[in-house]
Each structure stands twice: as structure tokens, then as C-alpha cells.
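Peer 1: What follows is a structure written as C-alpha cells; I'll ask about it next.
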């Protein structure tokens, strides 16, 4: 009876992990279907088909892969911390590279089509997200994977790093929602008539929000946090003084 609550918690956690992956993968697939079936497919020739690379890369990189990179600390909480750091950094690097491809695709399309850049709210939020994402990755690399900072400085930055990671995921999803709405209003005059393409895009937006909600819930729920281990002791000692005697929380 005493073990029933922890067991239920593990079962719930497993279902949430599965749900997050289903939501993320379906979002990527729907983006591919939208761009492939309704927008003419993909190319790299400056045409409208090159633009279609942009939303697919953004959903795959800045949303799905970024969310998974955040979740590795929850899913693999019994693995060596060093290995998790490496996996966390690699997935983020992959997300960054895919996102850069998406940015190059849309800027090149705008150049060929003589469309102005950086005038919409979507472009402002998107650019801010990718720049902050890059800075977050570099700082995390220097502070945690190849630590060049002192233990005190790393402990001070740790909660900021965790907060910024979730904040960037929220910004990424928000930028996607702005982009979906912008694309529908610019290219679909019959959007208000509940046509299949518009409904599909709306469903995509809802799935992205749900994916972000599940990831944020799992990351912020205390029961799912990674338990302390000897490798984290040095951070724990310094972090305790910063939180008025509270035990540090692992990212």
C-alpha cells in the first residue's frame, strides 16, 4: 500500500511522456501534410515550395526537438548526469541547426520574391527566439558541459537556465501560432469558411499548445525532478545558500 502512490506516479509519468511524443510527432506530421498536400511540397529554388521548408523546420527544431531536449532530464533521471548533459546539448544543437535551415529558407525566398523582411510580429518574435536560443545554448555549454565558470556562478545561473529554457519553448510555440495565423490570412481567402486546410492548421496550433503544456507540466512538477546525485553536490552546497537553506532543484 505504501508503494502504490509512487507506482501510480511512475505510471502517470510514463503516460505523460508518451503523450508528449505523440503530440509532438503528430504536430510535425501535420505540418508536413499541410505544406506538402496543400502548399505544393518542398524545394530549394527560391519558389513558394522553398518557403514551405520554413514552417516544417521550425516545428521540428524549435518546438519538438527543443521540448525533447528539455525532457531528457526527466526521462533519463537515473543515468549519469554527464551523459544527460551531452544528450541535452546534442539535441539542442540539432534543433538549432534545423531551425537555421528554416530561417535561411524563408529569407532566401523573400529575397528571390522581393518580399520585405522583418516587418511582422511573427518575424520579430521568431528572430528574438532563435537569437536567445543560440545564446542559451552557448552559455549552457560553457557553464555546464564544459564548465569555465565557478561553482557559485553556475549555481546562481542554474535556475535562470531552467526558466529560460521553458520561456524559449513558450516563445517558439507562440511564434509558430503567429506564423500559422499569418500564413492562413495571407494565402487563404476562404479561411473563414472552415475549409479543410484551415481546420488542419487550427488543429496543428492546438496540438502545439498541448505539447508545450505537457512539457512544462512535467518539468515544473516536483515529483518528476531528477533526484540529487554526488556529481551535483558541489552545486547543491552553493545553491542552498542562495535559496535560504532550501535544497537545490536539478534541471
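Using the three backbone atoms N, Cα and C, a Cβ is placed for every residue, glycine included.
Pulled these from TrEMBL:
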TRANSMEM  12-33  transmembrane segment
DOMAIN    19-220  domain 'Cytochrome b561'
TRANSMEM  53-74  transmembrane segment
TRANSMEM  86-109  transmembrane segment
TRANSMEM  121-146  transmembrane segment
TRANSMEM  158-180  transmembrane segment
TRANSMEM  200-220  transmembrane segment
Peer 1: Counting only CB pairs under 8 A, let me know which of 12-33, 86-109, 121-146 has the most with the transmembrane segment (158-180).
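Peer 2: Comparing 12-33, 86-109, 121-146 against the transmembrane segment (158-180), the winner is 121-146.
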Peer 1: What same-chain residues lie close to the transmembrane segment (12-33): Cβ under 8 Å, and 6 or more beyond its ends?
Peer 2: 55-56, 59-60, 63-64, 67-68, 71, 74-75, 200, 203-204, 207-208, 210-211, 214-215, 217-218, 223-224
Peer 1: Give the nonlocal contacts of the transmembrane segment (53-74) in its own chain as ranges (CB under 8 Å, at least six residues past its ends).
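Peer 2: For the transmembrane segment (53-74), the nonlocal Cβ contacts are 13, 17, 20-21, 24-25, 27-28, 31-32, 34-35, 42, 44, 84, 87-88, 91-92, 94-99, 101-103, 105-106, 109, 126, 129-130, 133, 165-166, 168-169, 172-173, 175-176, 179-180, 183, 204, 208, 211-212, 215, 218-219, 224-226, 250-251.
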